[in-house]
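J.: Here's the feature list from TrEMBL:
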type: DOMAIN; residues: 10-277; note: domain 'Protein kinase'
type: BINDING; residues: K39; note: ATP binding site
type: TRANSMEM; residues: 457-477; note: transmembrane segment
Amino acid sequence: MDFQTRYEFDPKKDLLGKGGFSKVYKANDILLERVVALKFFTAKTADKYQILNEIKKVIRFEHPNLCKYYDVALLNYKNVLDETEQMEVGIMEYIDAGDFKSYIKKHPESTDKLLIDVLKGLAYLHKHGMAHRDLKPQNILIKMVDDEPVGKITDFGISKLIDSGDDANSSALLGTIEYMAPEQFNPKKYGINGRITTNLDLWSFGLLVYESICRQSLFGSRSSGISAEQVMANILSDMPLEKAESLPQKYREIVSRCLVKNAAERVQNALELIPLFQEGGLPSGPIPVYSQTDSGKISITETQVLTPPLPITTDVTEVLNLVNESHETKEEQPPEQLAESLRAEETQMLDLHEPKEEEPQTFETTEDFSSNETQVLQPVSSTEEVTQVLPQPLPVAEESRILIAEPEVEVEQATQVLNKNTIKPLPKEENGYDRLWTKALTESKRRKEAERRRRKTTLLLLAAILLVGAFVAFVLLKSSSANTVAKKEEVKPPKLVPSSASFFAPPQTEPVAGGTFMMGDENAKAGSATVAHPVSLNPFAMGKYEVTVDQFRQFINETKYVTTAENNGKSQVFVNGKWPYKPQVNWRYDVYGNLLDSNTKNLPVVHVSWSDATEYCRWLSKKTGNAFRLPTEAEWEFAARGGDSSSRFLYSGGNNVDSVAWYDQNAGKNLHPIGTKAANALGLYDMSGNVAEWCSDWYDKEYYKSSPKENPQGPAEPLKDQRKVLRGGAWGMPKSFARCTDHIGYSEDQTGGNIGFRVCKTTN
């Protein structure tokens, strides 16, 4: 029986969830007469993450606390280019009682039992050398078995075998930021012997326990308006776990064993935590409501009464034997809307195949950061009134500075507004906190505008005083010079130099005199795409260097522009000689997909599309009043040749490629800072090699045959594939691409670790 016949589902009605790399549907298995979940992986995702291999690893697993993979199907289909591609479909156990968070909200008495289920499932995974890496409430689903809830860990699509070749040395960020362990950000510092191990899941479990009791994220979440960088900073800070000190003793003990930054000092075996739950479930009688006091500790008040908890039946002897063997979520959805890997789009998958030679990346930046996270810990059940208490700011370590040019001012100031009203009633409605936060943000923006006006007035007054003082000094000096024979000297007013935080300098350019040259390869055969032809150009100015990460960051910070890679949620990275797409990579990342640190500001920016480069030029033109743009292909080649003076050279600046270019044989499989090779005759650096550079022209290999002789702008209309010209080759390309005459075409939305740009400026 083929797949379409065996599995019956309606794509519109039976969609359970979708994410960046899969869609999940509820389906009827006609052959076996059962309900299953079908997980359709995209073709690119399947190729990139070797989904089939991942399913092969877990399909043999049999454990009551793991969601079962029954089978996998391979489907062939035609893409938009009428090419045959293959899609993997995971056939899995259907789970219909909701996720962990929604279930314990309705049934808090089951919290301990379900947490123990999670530990058993983790212990089984860890025993088989696999770390989940994305343990969170959404990846724990509940199934009713004999009227009793059973917790099942789901979403093994990003799990990895720890002791399996390349995976063992992986330092990739993988998972959801709010639940990541410190060693996932920096395995060299926090890992065990510089590696991640299975006990990274126990860090996530500690957070799960804390959130189960407090109904609050310990380190903040993006869903509450906190940036991803800020969450990372909180995790990597030296914050003492004072927030957990007033938890009931057993939960405090579990959290303290799990939330240890150094993995070697953290609990190693999931089963060691199970006996700690044997001291009893959640207390009967009044439910403790945990809220932050102004000292940063948790206070306990009494609210609604609970029925006695269900007894924990796990046998201690059995546990000991096993030991010896071994952003807040989105809106709550009904149980039938939940299945394995639901809400997969929240997962930050940053690689399954990191190169072995890459060192773990730390998060160092140029800006100080302090987190003023405001937290309101909601009760287990609703009450007439909740006491809102706000914590002190968390101390943040040097290592956890964030990669932005200025702090998250609105969030920080909003927190300050909230902190002034330390205790106030919070409305009973569930969105009361949201209204309070919105109000605080609004007030903070008003304060921000007032502060800007005050600073502007102060600067203008200071400038006026300095100018008047300079003028008076000039008059006095001029007057005194009439009575002396000393040489009169002009006194110039001092320049007001902006602080480094607001300093802006446009990319340097070098003038290029117009002229006529033979564009293309004079040795190319007739009809070749690079056949030589005469071209005359008006004067222009070309960027001295490729645009850097630091320069591009100023553009992003000022405009809040969202790049193509950010919109697509991925970009191409270099992995073992290939260029797969990697999720969440954008201009802030290096060629391997690792987050850049503050020491890389002079690297050329990469992972930028033609559209991104064009938007940067528009912003630069508006900011400077000059006509910045991308160069035409003709302008690029003329400038690369050094104008008329060095047109005979094969590469930009000479015939010795190693002296002027970074390419695949000398770059050491990586990008290099700008200006580290010799310049050409015009003083332009890296026209050959380092990064391939966008030009304004559409790509058409037939264009040279009909190109205008004066100031050609490229084809008026794009071809069907809509490619733009890239010039100069790159660090990962053969030296033939670094020739002044070579050109290639890429989609205007293409991004990758070898693609950048430089600016051109129209001159009179």
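Using the three backbone atoms N, Cα and C, a Cβ is placed for every residue, glycine included.
Walk me through where these features lie, including what they touch and how far apart they are.
T.: In the predicted model, the domain 'Protein kinase' (10-277) shows an average pLDDT of 84.
Neighbours of K39 (ATP binding site), defined as other CB atoms within 10 A of its CB across all chains, total 28. In three-state terms derived from DSSP, K39 (ATP binding site) belongs to an extended strand segment.
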